[in-house]
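Peer 1: The structure that follows is given in the form of structure tokens.
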């Protein structure tokens, strides 16, 4: 009883002192007491506030990393949970039966952690400001004082890396496209494309090289910074229609867990709008321009195509002199300024503005690679060229097994012979035959083999699908295959070239009518 009375007396004295002594003196005494405690304790303490500065406006990225890291630690060690947890459900997943609740550390509770044999403790502090409903949150880290100088940097790097991996794997990815109303604005929907590298009918060597290249790019932050290169990579996917170029893009995005920006060049009115669209893209994204040979007139002779008198090698004075009067030149200048030019696209892929973000992949697709200006295809812009061709025997077997579940069939042994004889079918064509017979596997196999046999008489004009590096020759023996193609306008390549020219002429005529 005597001890309790003394404690009450001491508390009463402290209360009187708080009311009598100036606040500055009380703060000084509190600081001295904290310093005495810090000098006697064997631990060091580090605070991680939720916001930086006194204004509480700029978020602290480290606080977000710690929050994600502790969230992962709680889920990975359910056998030793802290005394109290906060359970929440994201607003987008209001259905409790299908959504998994999120667990986090409750305010003013602690969670133990170990790193390199050392015991560490995280505590979440939540303080309500006086005369305000605003709450200030911060994490406090306790670790051994003797090893603080060497342990802290390595541990915080471990926390940030773990949080980064968790954020990448769990975040909702988006599919963006530029607005139809023109200007520099994106609109987006959730990206839920099911394609993966396991579902693609790719040659095994092409698939392994692509996966290795994508993994090296994703893990290459230190390499790109050390070599002074922007952290970006370009891929050109080319081949006949229906060979899976769009599906490959989706598989790349799913493998890396990147957002996708589908850029429609015909909606972009000028180079400045194109630059603004690039600035608005986020890190860890795939920027896609499909059918680039048909999107705009971006070949080397585009000026000759629209203005017969203007040569791309002319200087400004020569161009002025080549027109009959000033009105023609003014008309030409307006058209040059009011559209996306090759120069603008080159700056988009490899100019100064292309490095305004990190970890970006730029993908061009085309049915006819020869129709693209070589300046767009050089190393540094399109670093990797991947040709997607007609199905080989391996791809046919893959698709048959995936669509109808047939792994071995005596008729499938004939597919390689028919393909070598000249039968050509794209993955889309093979998939369509199998899709309409998916309930009858035997019928599906027989109809597919019959179709290959029917096409066996056709001349095989295309190369096999393959991996090409932009700095090397496209494929082995390409000169021999070019000699076998015959006339330039024969086959699907001639049709694509003709349709591309017809489309460009139509656009040119509509542009003249609108002036």
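Counting starts with 1 at the first residue shown.
Quick reminder: no glycine exception, Cβ is built from N, Cα and C everywhere.
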Peer 1: In TrEMBL, one of 19-47, 48-76, 77-105 is tagged region 'Disordered'. Which stretch would that be?
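Peer 2: Going through 19-47, 48-76, 77-105 one by one, TrEMBL gives region 'Disordered' for 77-105.
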Peer 1: Could you give the residue numbers and ranges of same-chain residues that sit at least 6 residues beyond the signal peptide (1-22) on either side and whose C-beta is under 8 angstroms from one of its C-beta atoms?
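Peer 2: Beyond its ends, the signal peptide (1-22) has no Cβ neighbours under 8 Å.
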Peer 1: Limited to the domain 'AAA+ ATPase' (231-392), I'd like the whole-number average of pLDDT.
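Peer 2: That stretch averages a pLDDT of 77.
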